[in-house]
Amino acid sequence: MALTLDACTLILKEHHLLKSVALNGDSNLNMTGIAYDSRKVTADTLFFCKGNFRPVFLTNAKEAGAVTYVAEQPIVEGNGMNALIVTNVQKAMAVLSAAFYDYPQDDLFIVAYTGTKGKTTASYFTQSILQDATNKKTALFSTIDRVLGPKPEDRFKSDLTTPESLDLFHDMRQAVENGMTHLVMEVSSQAYKKNRVYGLTFDVGFFLNISPDHVGPNEHPNFEDYLHCKLQLLVNSRHCVINAQTQNFGDVYAAATTTTEPENIYLFADTSYQPAQPVNIDFRFENQAMTLAESRFKVTAVSKKAIQLGVSGDYQLRLIGDFNESNATAAIIGAALGGADLIAAQQGIRRLQIPGRMETLAVEGHGQVYVDYAHNYASMKALLSFLQKEYNQPKLLVVVGSPGDKGVSRRAGFAQVLNEYADRAILTTDDPGYEDPATIAAEILAGIDQDKVDTTVEIDRATAIKQAIEESQPGDIVVLAAKGADAYQKVRGVDTPYPTDMVIAKQVAQQLS
């Protein structure tokens, strides 16, 4: 992979990003490396000065072999280097990274998901189906991990829901070189806020739902900005699939129609849903049977274009909850648009078990434990309301924490949902970052009505889990929320190893047996 200085200049001009160029040598200079982290610079590297940039980073990059830097203003430490001064370094990084890695998106059929809840689950379902349809040639970029190929060494833990653009195009190119033909990925609102997917057009873009989340000093200033960023996925997709039951449906559908013809927009909803405005629902789904281990549901194509996809039928799901049937229906539609047939869809849905999603453990002499990634008001409400209904109003004990440095609005959301459904809550640690976990817990606690919800704080997460399980009685439900299968706690910039909630729950169960 390589990129000349002339090519960089032309690309930046084409995207109206270039302010000025300062050359220090041959404009045909061939750059064989690309980086935004000075620790990853090698000889003849193109270096981006982005984010929380400090001039010493450019000094380090220059010493390591960087020959050109991209920034929004000239930097003294870059004297002696070529300088590309741009209006927006994040956008510049996206378009130059795509070119450096030779536009790998052109070699992939890309299905992308956005939504406040369900992105990860729907993405896993879609990849599972497409793995059958493509003979295991479907990559996955999710909140949990990145799957770039068929081998174990092609699987990596994710740091961000949507990677930085340079990493995104690198991983796409690696996936293509590993023989992948399809890619399923999550696209966060921050990906558009920070231009991580700038210039990308998706083959299929999904809008699952929207509710207030990710609003805070380090994320979105308000809900309107959050919604606007979410909508950009539809504006940049060739086919759009929308959950017709989403909040702000009118705004969502209008965004899709700005760049996509109606015949390439698909709507889905459960059979009981009657839209407030006259729209044609293309797919309906309906629960047929549910146990505490699985659910069976039916997907029916209603419109002519939906029938042509050929995926109407009965499905079996190893995840319970009507919200998971909705996610699975989305995946069936997305995979069908990517070439999957009914058999691949049924097999892919039936076999999948997603780590950290509705994992359950029965503890002898105590309650039933559920581990789930539900990490905001909307997903917690869906989870707790479902468990309350299925178990006929059990006592609900919830262990939960909220992350530091982001998603400040989640804290009030957790308090609200605990007030609505929980009998007992233990507030604990979940990726505190640079904040004090006790302060985060106190913010959640401030919104809880303790006359309704017996609430305590136990900062050590393992101890909190042990306490909740020990307290529980047969017939109770213990929910270990928001962390899923995450094997780390993010503390002051360091990923600190953590056994996972389920591992700790199993250890406690063994001690109690």
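Residue 1 is the first one shown; counting continues down the chain.
Cβ atoms are placed via backbone N, Cα and C, with glycine included.
Feature annotation from Swiss-Prot assigns ATP binding site to G115, T116, K117, G118, K119, T120, T121; the stated evidence is sequence analysis. Taken from Swiss-Prot, the feature N6-carboxylysine applies to K230, supported by sequence analysis.
Feature annotations (Swiss-Prot) mapped to structure.
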residue: G115; record: ATP binding site; Cβ contacts under 8 Å, 6 or more apart: A122, F206, F207, L208, N209, I210, K230, N243, T246
residue: K117; record: ATP binding site; Cβ contacts under 8 Å, 6 or more apart: L208, N209, S211, F323, A374, N376, A378, S379, A382
residue: G118; record: ATP binding site; Cβ contacts under 8 Å, 6 or more apart: L208, N209, F323, S326, N327, A330, S379
residue: K119; record: ATP binding site; Cβ contacts under 8 Å, 6 or more apart: Y113, S142, T143, T161, E186, V187, S188, L208
residue: T120; record: ATP binding site; Cβ contacts under 8 Å, 6 or more apart: S142, T143, I144, E186, I354, R357, Y373
residue: T121; record: ATP binding site; Cβ contacts under 8 Å, 6 or more apart: L319, N324, N327, I354, R357
Which of T116, K230, all recorded positions, has a Cβ with the fewest other Cβ atoms inside 10 Å: T116
Structural state of K119 (ATP binding site), classified by DSSP into three states: helix
Env. residues of ATP site, Cβ within 8 Å of mean position of G115, T116, K117, G118, K119, T120, T121 Cβ: Y113, A122, E186, L208, N209, N327, S379
Three-class DSSP secondary structure - K230 (N6-carboxylysine): helix
